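**Student:** Below is one structure. I have some questions about it.
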């Protein structure tokens, strides 16, 4: 089974992945789930948390990881993605890919014969969000009815947060500048999932105070995403500052609210030092949880 986006998962499946991640966090070593299995790790862009967490996850589950950076693999250059997928499927048992374009993942999944995991692309970041959900749960947050407020650019992280929130019955509010809203297809899918389960909600706004009011979780990401390299910083600095998570915005949330950021952070831009280093910040627990969530994802795809 592939994991390219979260919208193909049922609520029970998401909850089981989180439950397994909790187990792996408490029991880090001594597993052989991936014994005699080799996992290719394809990275088209530099990474700290994603690379470390997946590399360690594979090895700590008893498998072998094969790291392939851009420049070490053809992947559409000199060889079609389809042919690359076919060849790699003869060597490895699964492919974990952090790529620039979602279409690359779709092609790997279509033409390969082994499971493909989206470790990040321009449209979605499902593995990150599963780690986020673990972080919320271990901080006493019940998913159903939880208010999750996201601030900043409507990017891959916001897209996947909407889907996860819809699956679990959250009230998700996405606060972005106009014309920086999340991807329309992901909005549509989230609303369909909300209708399916009959609970939860999705609100898009350009007012960060509406998002912050009585929020249980405040979340932000960098203002210049991987799909926005052509944006000028002066444009960003003109329209994004009011979406910064700072003490004033945090004061409008619930007293026991937590703050998340998928990292790396541009301190002083999307989040202040005071908040990211403050008591309500769980960003480094969140980063650690990538390891445990990746293990749960690997377990899941080999069981389905």
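Backbone N, Cα and C define each Cβ position, glycine as well.
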**Student:** Have a look through 90, 98 and flag the one Swiss-Prot assigns to the carbamoyl phosphate site that 47, 48, 49, 50, 125, 126, 127, 128, 262, 263, 290 belong to.
**Tutor:** 98
**Student:** How many Å separate the Cα atoms of residue 98 (carbamoyl phosphate binding site) and residue 156 (L-ornithine binding site)?
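**Tutor:** Rounded to a whole number, the Cα-Cα distance is 12 Å.
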**Student:** Compute all pairwise C-alpha distances among 47, 48, 49, 50, 98, 125, 126, 127, 128, 262, 263, 290, the residues listed as binding carbamoyl phosphate, and give the largest one in whole angstrom.
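**Tutor:** It comes out at 17 Å between the most distant Cα atoms.
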**Student:** Please compare the binding-site residues 49, 98 by how many other CB atoms fall within 10 Å of each one's CB, and tell me which has the fewest.
**Tutor:** 49
**Student:** Let me know the DSSP-derived helix, strand or coil state of residue 49 (carbamoyl phosphate binding site), please.
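**Tutor:** Going by the DSSP assignment, residue 49 (carbamoyl phosphate binding site) falls within a helical segment, counted as helix.
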